């Protein structure tokens, strides 16, 4: 029997965290190529460190996207995040770009004669998850850990009062108590944030961030028993890539469900949508969210698996965690019929061949609002009625 009374913790990191700066730059490169050629292929990794950005990887795309363009886009991304410090400044960083052509051996596995982009770009397993704990059908701990940091970043960028004294680099962690399987309160809050004013101590920083944290969390979830840890190490002035080197793809649990669901191991950022690490994980979330939105379960985990060069998934697995109203084996068949789970089918259904990825690089790929231009299309619940009618 699953436990119904327990504590569960998830963490998030801000857009200024070194690894997230790297994710942002990698996805900015992806967007640049997809904007020029929707069928572009990319696998882009970024290293960020003191006064330096290194971009490397494989590309199949138009020559119209130049390294000079990518350098300018990189500087714009770093500027948007907010880095103007001596050890990492959008204007002064050295930007080195090492991109080369995609391997012909990989390309032949993905291409099929007369049918471009037919096979999966790699083997792997991908998971999707949804739960009715929040309006976005996300687990509460990761949803609110993201919201805290997003709200603080918005306030910092808008220069709202003392929030302007905060820096781009931050981390949050939220511990939620569950009773009868439902989230009821926050027992621990951890927030570490860079601050530009060296005179600030932990108490000063808490005075700045506490109103935003309280507003981000559901009313009544924070009480006298909630324990706060705000900048517990004290001073946090040197932050971002100047404090720690960053790499693309190192925050895969932050990017997904905060540890509340399994993870297949593949990162998202820097990859075009022929890479099933990304597109199939989005499809699995889309299916899981629609299962919960349809009222077929309160929680749903979906696994997909693929082989390189093979169009159809090798398997699908559904776990409703004892909360379902339908047979899981039958639901697996219904889901296979409801959505073409080939890489091409996923890209077509979710309209993934668009420059929509830089925005996903911080505050979670899931639990976001769908955008009018196709961003976060996998968060739509337009499949719910179809799934419901199948039963």
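Just so it is clear, glycine is given a Cβ too, placed from its N, Cα and C backbone atoms.
Keep in mind that what you see is a predicted model, and the values were worked out from it rather than measured.
Every protein chain considered, the tally of other Cβ atoms within 10 Å of the Cβ of residue 244 (ATP binding site) stands at 15. DSSP gives residue 244 (ATP binding site) a coil state; it is part of no helix or strand. According to Swiss-Prot, the ATP binding site annotation covers 17, 169, 170, 171, 235, 236, 244, 250, 251, 267, 271.
Sequence annotations record features per position, and here Swiss-Prot assigns Mg(2+) binding site to 19 based on sequence analysis. The secondary structure of residue 19 (Mg(2+) binding site), as reduced to three states from DSSP, is helical.
Here Swiss-Prot flags 45 as K(+) binding site, drawing on sequence analysis. DSSP assigns residue 45 (K(+) binding site) to a strand. Around the Cβ of residue 45 (K(+) binding site), 20 further Cβ atoms fall within 10 Å across all displayed protein chains.
What Swiss-Prot lists as region 'Disordered' is 1-20.
Taken together, the residues in the region 'Flexible loop' (102-112) have a mean pLDDT of 66 on the 0 to 100 scale. Per Swiss-Prot, region 'Flexible loop' is recorded for 102-112, and the stated evidence type is sequence analysis.
A sphere of 10 angstroms centred on the C-beta of residue 19 (Mg(2+) binding site) encloses 23 other C-beta atoms. Proximity of residue 17 (ATP binding site) to non-local residues of its own chain (separation of 6 or more, Cβ distance below 8 Å) is seen for 169, 170, 171, 240, 246, 251, given in sequence order. Inclusion criterion for the binding-site residues 45, 235, 244, 271: a C-alpha placed within 10 angstroms of the C-alpha of residue 19 (Mg(2+) binding site); this criterion is met by 244. A strand conformation is recorded for residue 170 (ATP binding site) in the three-state DSSP classification. Around residue 235 (ATP binding site), the same-chain residues at least 6 positions away in sequence with a Cβ under 8 Å from its Cβ are 198, 201.
Listed in sequence order, 30, 42, 43, 44, 277, 278 are the same-chain residues six or more apart from residue 271 (ATP binding site) with CB atoms under 8 A from its CB.
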